[in-house]
């Protein structure tokens, strides 16, 4: 209940917004058959079928002795089945299947249907005992729709290659190569990772693009990547043999007999992802030639241990005003014009990301840039990371003394540094700041990042500038995220995502990010939603891993309050309208065309009469491969919509189509693609007709179909394309900081969840390196502000905005709580928690409707002064313990946030501010940070006794055993002042203004005395996750006991640093909650 804290204190005034965030596990949603969607109700389903992404499956009653299997294999050989339990029988059925039948319960396909790996006899016997419905999870159900599309496209690509090979062999003119083929941007194969044998014919392979083809290409095609999900209960020894045995069997099935050294189409595999078994599934990455995709996928799907098959997605990067918008929630015109005229609110309060570390996964960082440059640790010292033990494909190096980069990790084969600038811009947006000694002027720099006192753990991905490929090591649960957390990061910034339409599916990458957050509740990944907003009328364009349930997906909003605010403002808009009505608007983004397409369309429409408006007319015939019927009377001066689908009735080159359109006076062409594969954003080859370049652009099949439908519905009134060179004149424009950028990917996800979770400025934002746009900038800015939010809670600013308030309570927030706070200010779930409220104890709970799809539930409540609100969070369905996988043994976690104009506090024992004893306002010359305990590695505790810091065996929590830490903002290195929580207000200091020497006993001097003798560096030891630090003076001497004494009461002094418990201190936050 949210109620008054004491007499006379009322509850609320004005509206409040409440958010409940449910921590969902990846294992609950997309493992094998759980890559399904369709059933969203939390109740048991009486139907005799289940809807999966791969199709509908009929279920039948289990019968003892009748094995639900289509093959003639042994009834004792385990395989996969779908089992639907009757209400009230799940526990008994599970126990019998697992204890008596040796089954593994792997995931939920819907609330009442589980995916089971068991012998057919066990499913028949125990399923019939408990009245279950069953079905074999056969090979066809294991094929994702994306895998089917890739296999079909691969077959078409091979046909194209054979035609070109025949043309080259016969010396006849080759077919026109300006036409986009299936490996070009926007095709299903473009978004798939691939491998190609090197020219020496060795078995080693290199990652490369699938679309680098210049001129006639008759070389062996690249191998296409497929992600194969395998049941984790397969014994580890078997898994180790699985790669070679599976590839050998696959090669035999494909008729490959010459071996890897001679046959460029010999199938290959990578098994790095086979070792993560927490979710119940492992992944094997298999590479095959395009011509082998269809039979190869069928052979893989027929294996009993295989549960799901999808394309192996290629990744792509998702490319000072932002700080004001995010920190204040608004932006005035004056501040938009002069953002440095006032201090930003968080920074003014002293919250700048102090002691926070953010993990940035991107193309690397340019360490020579002033926002990362360290005055002591020069960049040339940092460029030689060491190979990681037990992970020889990675290199890493740690810089605990560096003011910005605490750790830098990268693939062993990569070249150190950022060759493209994307990662540098993202990192600078998170925490960039200059290092002026003793100067806080960086706060007024336009290039200063969101959290200027935060530091970074950098994971450099692979960027190949030669063929523009971007690659992220897999699985992230082993290769990326643990490196960030080992360096102390608890927030991740990921400005990348999987490419193509296949990349918008909830896949192995999204599943891995969910699993990591499920296992580590302190972690939160902030991920760019993507820049695919130009793909209009699709169900979703948010890419993986942004579409994961436990990530915070960030879209892009505008960064100016008006179109005339600066020379970079977004002023222009294209939109399809009927009679200028807002009833059926459809935006148009002419980016998917030749170089300068946007400007070409703007210029062409501006020269028409009347200016900036033109009719849109479907071609007749729709394919435009022959002369258009109707001639100039129908098409002259109009934009012509051409259908590229083969089903339209004819095939020809786009040059032929453009010539036919130009012959009847068409001014521009809309090419309606033959599928809803995401549009290419890279420049397309120009198309000439009668010696002049054609103005054209590609649109999605869905948008093209909408234009065709609108044309038929509103005839004879035409659909028209409007060009507004000032968005303020558009009937559908909502310009300002709440407007979404046209390129920002949109949701919901394919299974109906709300994504992106929030938006942040991402249009023409200034970074330390350049002017950048896109959700990359948005996600990085959001991650930096979440670092400040984390400091806000850890330093005790909650709930009053001051660390000295009577109710101030410092605590370490979970990743879920940070996400809940962020969303508050802004398929199938296995576990379902409901959020409801009641006003003034009237017993009626609102809302009545249930939400069983989203793991973030939001309420906006209208209240009046004096109202009391009681919130109810109930487990409508908490069934994840039904599963037998390791992750299912973890508890269901959740977080809850209320924001608004509130008086009083949230009355629950889960709220640290509610359970702490009353506190008095602090006084004194120095405001210090949150309380900590300091304990030597040998177990003795630091205590302030008679003006000295001593090592005591008495570890009770008195004021002399609690210390406050305050960040220092000068000297070029992030250092800390340390003070005992005693009444004298003194700080720990080295008793000299000269050289620090071993044996010097630490003393306590007045905290308001300046100087480096008060500044200490907390350097993590090499024992990852131990919480142990070396505490170093400004001259590099370490705290230890005087003369190395082990007795109680020994004073703490300086010494030469050594890897021994006497030189290591565990600094534990003393949470008053």
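Keep in mind that glycine also has a Cβ here, set from the backbone N, Cα and C atoms.
Lifted from TrEMBL, the feature list:
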ACT_SITE  362  active site, charge relay system
ACT_SITE  422  active site, charge relay system
ACT_SITE  776  active site, charge relay system
DOMAIN    354-795  domain 'Peptidase S8/S53'
REGION    154-195  region 'Disordered'
SIGNAL    1-36  signal peptide
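Projection of TrEMBL feature records onto the structure.
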residue : record                           : Cβ within 10 Å
362     : active site, charge relay system : 29
422     : active site, charge relay system : 25
776     : active site, charge relay system : 31
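The two recorded residues residue 362 (active site, charge relay system) and residue 776 (active site, charge relay system) have their Cα atoms spaced 10 Å from each other. Here the Cα atom of residue 422 (active site, charge relay system) is found 8 Å from that of residue 776 (active site, charge relay system). Mean pLDDT for the domain 'Peptidase S8/S53' (354-795) in this predicted model: 82.
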